[in-house]
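K.L.:
Take a look at the following structure, please.
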Amino acid sequence: MLVAAFLTVLAARAAARYTEDWPSLDSRPLPSWYDQAKFGIFVHWGVYSVPGFHDEWFLFDWLFRQPPNQECVDFMKRNYPSGFTYPEFAPHFSARFFNPGDWADIFKASGAKYVVLTAKHHEGFTNWGSPFSWNWNSVDIGPHRDLVGELGAAVRSRSLHYGLYHSLCEWSNHLFERDKKSGFKTQEFVAHKLLPELYSMVVTYKPDLIWSDGEWDAPDTYWNSTQFLAWLYNDSPVKDTVVTNDRWGSDLRCKHGGYYNCEDKYTPGQLPKHKWEKCQSVDKQSWGYRRNMKTSELMDLPTIIKDLVETVALGGNYLLNVGPTSDGMIPVVFEERLRGIGAWLDVNGEAIYASKPWRIQSENASLPVWYTSKGSTVYAFLTAKPSKPIVELLQPKCDSSTKVTLLGHQGPLTWTPISADGGLFVLLPELPQSVSQVWTIKISDAK
């Protein structure tokens, strides 16, 4: 009997292993921490932060786009000598003011539950001392520091989850260019650069999330994505906790992966059947730092919070991006936005964290309202200030046990049913001043 039991356990473990195909990989349950977190911070930081112009695609737009972006060409002519090359920016990626503890404090104060740093963007520069990126990494040149490791330690010491963005492609890697010219029939880049580096990154830093990107040129069979993910889910040091997205091949977005990004700044418009994430940037023009950004080009706090609310109401996570300077500072205007979100979440966070989409996600009877829920509790977000003290909510069904409150306000609110079929009128108190312009009504014991 003991032998039989032992064999049964072994068989169960073998059956639980994921194979190198999408039906098997897609069957893996998403680790619960991710859906509960709801809000994260994205950080785009690399050599592109040195020119700090146009966006994080500066290298491509200057040298590889056909025809080249004229703004980038003119910028280089005006500011740098003839013959200046992109690698010459790297020594100026100094991170001299980078204090990982300060960054982590800001992220913690924002109310975010996870942080995703660009470990490697499409320019190929790694923010750690990758043994597969000689002299094109943050330890060999520029900061001479392990930026991935330092920030990870600071973030985790504040009980935040830590994820790493990793680009599959590299614009100026000769092995990648050679594979591309073959129509991706060869895999020199994958075998000698991409996969060894990716395995090494996971083993070294044990990320809670891998935010893959740069997949659009080639199918997943070129990148050997299913091979890597099967190892990640079966045998890696983060096999039980790691979360992945859907950017693992040119035709996979919104089809395969852990959760779906679909496109940058994606909004589904209705409740999707699959867990998803909206990545958004405070700077509407760029993910990386721009020295010439203007206030009018930034998301204001009310817009960010409404975007967060709508995303969570539709079952998504919200990943908000900031671009630090090349010397390691988070611009004050970005810090102000993050702390403002945190102040709002201090009051309204119970309606966001670990919430679930409600049976109705939104209504617009008397003003725009979005809903989330936890069990029999329904949260109604008022995303505009009511013009009168009585708010009409048509969707909740209440009874004598129902209690209605306003988050951040002491005491119950007076309410009356609209009809026997449902709905309620809520008498609001004088609403507290809020730069966010979003308030939350909590309806306990509702249907």
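Each residue, glycine too, has its Cβ placed from N, Cα and C.
Keep in mind that what you see is a predicted model, and the values were worked out from it rather than measured.
Residues annotated as domain 'Glycoside hydrolase family 29 N-terminal' in TrEMBL: 11-350. Among the features that TrEMBL reports, domain 'Alpha-L-fucosidase C-terminal' is placed at 361-443. The feature signal peptide is assigned by TrEMBL to 1-16. Taken from TrEMBL, the feature site 'May be important for catalysis' applies to C279.
Structural setting of the listed features?
P.N.:
In the predicted structure, the domain 'Glycoside hydrolase family 29 N-terminal' (11-350) carries a mean pLDDT of 97.
Its Cβ placed at the centre, C279 (site 'May be important for catalysis') has 23 other Cβ atoms within 10 Å.
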K.L.:
Can you break down the domain 'Alpha-L-fucosidase C-terminal' (361-443) into helix, strand and coil residue counts using DSSP?
P.N.:
0 helix, 41 strand, 42 coil
